[in-house]
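Undergrad: Below you'll find the structure I mean.
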Ligand SMILES: [Zn+2]
Ligand SMILES: [Zn+2]
């Protein structure tokens, strides 16, 4: 899948470059200070780096994350954190805290991409044709960092934190699979993050409500009656029915959608016939659709089916339209809950500073974290790591993609702080 296709050139104009300053440490015993101290502790930071590099050297694709999963369990064992495994084949769900409500979830994804790494460095991928080019290795390391912080401060934790390590984000199926296995049962709120290069190191961004686009595929088969193309009256022409369907599909966005509500329908593949003088029995075609709001996403999906079935009928054909399945995963729009967004914004501003906590524009990329957000209120946060010095200038899914590991304390601290903060936000607004 293309879960994180980002509008890089457009976005970079929004972002003034800001030098990041590590929050000042003093001997305050506040919870925030304790979280920061633990996150920036060189022992924790070096451990997160080691974990991430080990995962990076041995990338595993969707649902093959067996070694990654074993590594996570090994580290959780060292931390003395209990967990449930396997969930959705390779997933791990750790539990920290009182064991009683409220239950709050933190999530990281574990899978790599079928990309040959072209970055030459000490911990380059040792598996040909596979690479952690979407920072999921770093997401795991930061979430383990958060687990360590939470475990150390568990006496002060009044909630139960579920620490979710999810398989198969890139195939768009892992989150859904985990939900089917009950990981969100009793969960009140969920938080996830993604490293991005659109924002400099030390800057984070998100937005309330509609955030990332939903992304879906469809495949249609139109069936008529084959025959000699010289005698069309004896055939029922599926090619003509498919052709008018493709044209009519373009009218959905241009004639039915609000021009200010971005949507896409593209037909990218058409297959029919084997000879120039034979009308084929059937014609198949396939395409993709995207929309930023849930309402538009499901409306467009419904209209795609109606238009194809209707156009087929006009031409005396029948049509079958398929949307789901491994080949055509449908990822809904990522819609942040406004209340949880506000908590995340506040927590982030306490970790990185108000001036480094931004309102992100909407993106037409997509993330399977959206499945979690369909079930429970939550927020996805973009965590910036662009840094010319460390070479973090390539976007995810690029063979030159590099992670700046100095971002790890920020990710770990925000994860941990969110868990504490949600607990107190049941009633108050500061953690
Ligand atoms: Zn990705
Ligand atoms: Zn990703």
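Cβ coordinates come from backbone N, Cα and C, glycine included.
Look at TrEMBL and you will find 134, 136, 170, 194 tagged as Mn(2+) 2 binding site. What TrEMBL records for 397 is Mn(2+) 1 binding site. Per TrEMBL, domain 'Peptidase M20 dimerisation' is recorded for 214-308. The signal peptide annotation in TrEMBL covers 1-19.
Show me how these features fit into the shown structure, please.
TA: Secondary structure at residue 134 (Mn(2+) 2 binding site), as computed by DSSP, is coil.
In the three-state DSSP classification, residue 397 (Mn(2+) 1 binding site) falls within coil. Of all the Cβ atoms in the protein chains shown, 19 others lie within 10 Å of the Cβ of residue 397 (Mn(2+) 1 binding site).
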Undergrad: Counting across all protein chains present, how many other Cβ atoms fall within 10 Å of the Cβ of residue 170 (Mn(2+) 2 binding site)?
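TA: Neighbour count, Cβ to Cβ under the 10 Å cut-off: 24.
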Undergrad: Please check the binding-site residues 134, 170, 397 against ligand 2 and give me the ones with CB under 6 A, sequence order.
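TA: Near ligand 2, sequence order: 134.
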Undergrad: Tell me, how many other CB atoms lie within 10 A of the CB of residue 134 (Mn(2+) 2 binding site), whichever protein chain they belong to?
TA: 25
Undergrad: I need the most crowded of these binding-site residues: 136, 194. Count other C-beta atoms within 10 angstroms of each C-beta and give me the top one.
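TA: Result of the Cβ crowding comparison: 136.
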Undergrad: Measure from each Cβ of the binding-site residues 134, 136, 170, 194 to the atoms of ligand 1 and list the residues where some distance is under 6 Å.
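TA: Result: 134, 170.
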Undergrad: Summarise the domain 'Peptidase M20 dimerisation' (214-308) as counts of helix, strand and coil residues per DSSP.
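TA: Output for the domain 'Peptidase M20 dimerisation' (214-308) reads 37 helix, 36 strand, 22 coil.
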